[in-house]
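Annotated transmembrane segment per TrEMBL: B:56-73, B:122-148, B:154-172, B:227-249, B:255-275, B:295-314, B:320-341, B:362-387, B:457-475, B:491-511, B:559-578, B:584-606 (among others), in sequence order. Here TrEMBL flags B:Ala452 as site 'Determinant of potassium dependence'.
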2 protein chains.
Amino acid sequence: MFELGLGIVALAGLLALAFAAVLTAWILKQPKGSKKVSKLSDIIHEGAMTFLNSEYKPLIVFVAIMAIVIYLTPIPNAAALAFIGGAFCSALAGNIGMRIATRSNARAATGAKKEIGRGLKIGFSSGAVMGMTVVGLALIGLTIVYNFFPDPEIIIGFGFGASSIALFARVGGGIYTKSADMGADLVGKVEEKIPEDDPRNPAVIADNVGDNVGDVAGMGADLFESYVGSIISAIAIGFGGVTIAGTSIPGEDAILYPLLLAAFGVFASMIGAALVRPGKGSDIGSLHNALNKGVFGSAILMIIFAYFLTNHFLDTLGPFYAMVTGLGAGIAIGLTSEYFTESRFRPTRSIAEASQTGPATNIVSGFSVGLGSTLIPVVSVCIAIGLSWYFAGLYGIPIAAVGMLSTLGMTLATDTYGPVNDNAAGIAEMGGMGSEVRTRTEKLDAVGNTTAAIGKGFAIGAAALTAIALFSAYIDKVGIEAQQLSINEPMVMIGLFIGGLLTFVFSALTMSSVGRGASSMVKEVRRQFKEIPGILEGEAEPEYRRCVRISTRTGLKNMLLPGSLAVVVPILVGLWSVQVLGGLLAGAIITGLLLAITLANTGAAWDNAKKYIEEGSLGGKGSEAHAASVIGDTVGDPFKDTSGPSLNILIKLMAMISLLFVPLFA
Amino acid sequence: MFELGLGIVALAGLLALAFAAVLTAWILKQPKGSKKVSKLSDIIHEGAMTFLNSEYKPLIVFVAIMAIVIYLTPIPNAAALAFIGGAFCSALAGNIGMRIATRSNARAATGAKKEIGRGLKIGFSSGAVMGMTVVGLALIGLTIVYNFFPDPEIIIGFGFGASSIALFARVGGGIYTKSADMGADLVGKVEEKIPEDDPRNPAVIADNVGDNVGDVAGMGADLFESYVGSIISAIAIGFGGVTIAGTSIPGEDAILYPLLLAAFGVFASMIGAALVRPGKGSDIGSLHNALNKGVFGSAILMIIFAYFLTNHFLDTLGPFYAMVTGLGAGIAIGLTSEYFTESRFRPTRSIAEASQTGPATNIVSGFSVGLGSTLIPVVSVCIAIGLSWYFAGLYGIPIAAVGMLSTLGMTLATDTYGPVNDNAAGIAEMGGMGSEVRTRTEKLDAVGNTTAAIGKGFAIGAAALTAIALFSAYIDKVGIEAQQLSINEPMVMIGLFIGGLLTFVFSALTMSSVGRGASSMVKEVRRQFKEIPGILEGEAEPEYRRCVRISTRTGLKNMLLPGSLAVVVPILVGLWSVQVLGGLLAGAIITGLLLAITLANTGAAWDNAKKYIEEGSLGGKGSEAHAASVIGDTVGDPFKDTSGPSLNILIKLMAMISLLFVPLFA
């Protein structure tokens, strides 16, 4: 029975990969467009692969060192193997996702030339390849590891591998993308007054590469980690069996249940993806509807599937309710992000209005919107914690996280759709595809901005719930008495403070890296404008690759300090006191969630306030309000795309390490 | 013996008041200056008193309602009386402090005309009046209440009274001052390019009133609350006796000890104040030294006094070490603020340099400096918690807080010195006292900026340690089992999340209030510039009072929502679950400390980066870098003077309410 279950899970994983392969074949059959367009896409592709390949070097070193560390500590040796496997699967998923994304951008632009819905379809399919590859590799990896080593201590190694790649991809990619973006904007838009994505700007390719490196590979690795982490924490807590309201669930069932939920999620996601059929309507609303049908369709299907699964497989419906709570929290967080960051609604409008009195009021108003936007997401997380515990005890928390992430194949597809169509819009501009195509790709990009904002909110929520699940598993496993973990214990309080502190210091490091990277980029762009004759007249080609190199170097160099902080501090603190480490994890999760939401929503709201003005409101382009809103947008770049998302990794990674290294601390 | 001790404490309080009276008499004897200067001071005085008087109305309503609530709940009825007493003492201290501050500004400017050291002396004396009035009224109030009602439950009422006034003074005052400041700068400096403190700016008086309302009355009420709160939490924990490392201290001694420490602090502060003797040197360094002599002199004296007191009065030196830990943490936090916000050091320089690439990099770099500046203060607080607990158990935590605040008479004097000399510089400019006096008062103001930044850091540290002490007293009194307070309990975790959330939402509310207030101010100033002929030529007098009224209204109206949040949420949560409330307090303290430091230091660093450029670096006034730094400075206004300091009150007030209402929750 157990083997049969694992088999179904592995099969679901294979099916997901097959689905991704079919979509890939379809995408590659689409016309790539004119020679110029095709060449632009190739340069972006090449830049993105250069970054990935450069990233692999420090990454392999890191994985090798950590594998040795795991091998030398009292953690079972096979965990080192699982760790390498996890790292490999995550890196592979990112590689495939980015390869396809950078092959789809020109095709999406060319598709949009024919019909706007075609552009959406190509962008979405590219995202679905990423989504399905992530869940497919995760499920296959987990079942293989568990099949050979049915021991939670070893499977945690797999999760830690995923965490390590996520760290490099999110932090390094986040620094990369925003150094390029800020640098491009500061000289191009602000100093030289040339438009966004103008081919005369030497940093424009680096900026477009950044969208892939940060928003595709970074987001994918982030959610791969959450997906794997939520399942692993359920296995860690479920191992040995759990009792829910008097009904006992044997260990094997408690382990298989989250895996089966995830497997059913694959089917729900595939059906959801098939529901995304853009009609003839070309307005933003109907494009949106096409994507929403997929997201909500798969969520509803998932609830139905999960109900039958739980009813047949377990003797209690408790875990089903827990799972629904998680799914509900995910949707609530996503919708809140939409409300706070879309210019249709009051908050972003108020930022646009505040821009009329200059950049200072734009910044203050944006930041206060971001701070206030934490209310509903945090309350949603609290409700999810409370209810999932109420319905299924400690086991309920990871199950809620699994529920939130079960339809990841679909949600990640809509997230990744954003950067692909952002690239498509850039290529349409750079490739001179004409104003109509430009308008169409911009519409597709606008839809993508919303899905990206929702996706960011969802990623934060998923990270928080996964981290809480991993934290619960850590406490469960470390086996200290509850009274020693009282918030009134000075050691616990110190831990809470250090945990909160880490999130602030980590954000400071990532943010200042972007600042420094943007500075180097500004200098290089200024140099090229000065030294290359005819560049501003469009007669000479800028040296794009030099800018790509600067971003790559900045991203790789600056991820080391925050990255090692995230890895080394929990281990050192754990060696000192498992009490302090418990406090540290709780403090980091709480403060990290708040800070991540604030940074993400502030940045997105600034971005859309600017877009709102650019659409002609409050004076439109060229007005004082517009100039102010451009500054807010630029400040928001590292907020929403570097520091905010990096916090997701920090809180999960620290919880994962703590859980893995329990045998060393004990 | 106990009565004798209380007598000494009361005597120290009376002595502090007498000292304040002597200083007041000396200040009022100083020449007020020319008619124009004198009139300016009168307008500021009148504006400040108008705000105070308007503030008293909602305040009396609030105090009346809360007194009735306390009376109706199972809290001892006399606590309602103590509550009114606490509110009265705090309001009285603020009233006296602000009265003297607004009588000293012109005198300090006129004194500086004669000799720069005289300006310092007058400003400092004005601050010392505030400091001594605060500690004097606190000690007298506490001894009277404890003499009549020797019951910790009742004396907590006194603390809650102090908290309530602090809430109104800090939040209302903070919104007042920054609405005026931002409004004045946005139209005056940015749009019309007229200098700071220019009498043609209609909002200039409101801005100067704001310095008093926010930085004098607000800061005073904040520290009055911390001072009282730290002593009360020591009494609450010490009542019934404590045992430290096998040595038991009877209840009466444990109660008297913090009061005696505070009484000795009065003497140390008075001697410290006498040490502040500006020599003939007129450079900023030697002015600084004069103040530093007082601060460090009183700290060293305090340690000596405390050693002898502890040695004679108790059978263990544990509490002495705890007290030193607190004092040390206070100094460490203050010095960190100095390092991160002074343009002599790397962080602020880096912000100034980032201004060269525009406002966006100025903002990003400043914010990342602020985030990173949390490291040392939070580690200091952790060390203080750990060591004070190690040396004196649970009792050690409030004693550490008492230690940090023991020389408040002196530290508050240097804090309040800042806004008085800020006003003096403004009056010198507005009153046309000539460039030499202006230069001198600006030097005094520069010294004041540093002491104010240090003072803000100190106020945050004091608030955190006091809040932790009050929180410990709450947990001690609420009597739930330690395992129910485990960070792994879902109820506790939900509490931690809600607590952290409150600090973010509270900051959002206070920050957006300033934004809205500044907007109204901008509109009014623009209107006056347009409608009053000759105003920009200096031929017609602006309608200063209209701007004062706008600030007053904004401050009073907008403090209600964040204020009621701070009062109502803990009571409601406590009625639901004391577990959740425990988590809430811990979460709010941790996140609040981090956020408050970030906001305060970011704002101060932006301010000083601008000053650094204005002194001629990186292109000086009129350069692109300067324009960018002005924007950062404006953004920093609500950060450092409204939202940041308001968090101090939030975390203390919530802990105080929770402690007071324990009988209702139980």
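For all residues, glycine too, the Cβ spot is worked out from N, Cα and C.
Caution: TrEMBL annotation is automatic and unverified by curators.
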(message) Are the transmembrane segment (B:122-148) and the transmembrane segment (B:255-275) close enough to be called in contact, which here means at least 3 C-beta pairs under 8 A that are separated by 6 or more residues?
(response) yes
(message) Taking 10 A as the limit, how many CB atoms besides its own sit near the CB of B:Ala452 (site 'Determinant of potassium dependence')?
(response) 28
(request) Select the range from B:56-73, B:154-172, B:457-475, B:559-578 that forms the most Cβ-Cβ pairs under 8 Å with the transmembrane segment (B:584-606). (result) B:457-475
(message) Give the nonlocal contacts of the transmembrane segment (B:295-314) in its own chain as ranges (CB under 8 Å, at least six residues past its ends).
(response) 247, 249, 253, 256-257, 260-261, 264-265, 267-269, 271-273, 275, 320, 323-324, 327, 331, 403, 406-407, 409-411, 414
(request) Determine whether the transmembrane segment (B:491-511) and the transmembrane segment (B:559-578) share at least three Cβ pairs under 8 Å, counting only pairs 6 or more apart in sequence. (result) yes
(request) Grab the same-chain neighbours of the transmembrane segment (B:457-475) for me: Cβ-Cβ under 8 Å, and only residues 6 or more beyond its ends, written as numbers and ranges. (result) 219, 222-223, 225-226, 229-230, 232-234, 236-237, 326, 329-330, 333-334, 336-338, 377, 380-381, 384-385, 394, 397-398, 400-401, 404-405, 411, 415, 485, 581-582, 585-586, 588-589, 592-593, 596-597, 600-601, 644-645, 647-649, 651-652, 654-656, 658-659, 662
